[in-house]
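Enquirer: Below you will find the structure I want to go over with you.
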């Protein structure tokens, strides 16, 4: 409209030819009165002023409508922003609540998991303890059953077992061994040999005196019994008794016998005179009824030994048998002490160990009962 106004102002219409677009009633009256008063001289000037005022009023009206439209749009945008802010605030609260619930759930799950682990560890420890106790009881019962079987099997009319027939023992000896008579050897035929390997006691009662060094070593070993030869108690016995007692002419076989005795896998059994050597080993290595496999000397062999489950038998003389059984008796007794099967005073156990050491000493010197 402004452009039109400028064009019209530059090119004014001819006098008497301009026509108003929509002249109002008042305008007509003013124009007519003006024309009448002016007499036609001022008619172009009045018309131009009228057009300018109309254009001004139109631009003002357009400006007001535009500003009103912009205000409406601004109000709408502000309302939308407020709604967006409220929605963001609500979503933030929801997120915080979810994070808190997630943390609480994670903490409860970890606590429950730790509780289950603690309970499982406690149950496992209790089960392992019960298993160890059960195994200990089983080992003890198996040892007692084996000992009883050995006592029964090795008792014959020609060679009665003194453990089964206390009346064959001397009164003092029977009373001394009453406390642990059932806790003897667990290896086959060792108890019978041990019961027959005791030299005759003198008629007069012997005097005894505890050696302080030996007793201290035994007490220290008794606190924590072990079969490890590095301890001072067993080291002395290995050096003074076991080693010399198992030192035979056949060194290689002697070493095998010592290992079998330590591992409790050696078997001694009586044989008839007509029995021939059994196994893959040559007859001269096994000896025979008339030759000892350990000493290599011609001797009458009434017993033979087997090392583990090899199936090879070696004939041994009565002297070699006495030496082996003396060492086996010693190891059997200390194994029973280690397993807690001997219920005696420390001093009585010490004297029983000394008696077994004396048997080894006598056997290595060649003393043995005639019935062997």
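Keep in mind that glycine also has a Cβ here, set from the backbone N, Cα and C atoms.
Annotations in TrEMBL come from automatic prediction, not curation.
Below are the features I grabbed from TrEMBL:
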REGION    1-57  region 'Disordered'
COMPBIAS  44-57  compositional bias 'Polar residues'
DOMAIN    64-149  domain 'GDP/GTP exchange factor Sec2 N-terminal'
COILED    67-151  coiled coil
REGION    156-184  region 'Disordered'
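In the displayed structure, how are the listed features positioned relative to their neighbours?
Expert: Counted with DSSP, the domain 'GDP/GTP exchange factor Sec2 N-terminal' (64-149) comes out as 86 helix, 0 strand, 0 coil.
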Enquirer: Summarise the compositional bias 'Polar residues' (44-57) as counts of helix, strand and coil residues per DSSP.
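Expert: Result for the compositional bias 'Polar residues' (44-57), in helix, strand, coil order: 14 helix, 0 strand, 0 coil.
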Enquirer: To what whole number does the mean pLDDT across the domain 'GDP/GTP exchange factor Sec2 N-terminal' (64-149) round?
Expert: 89
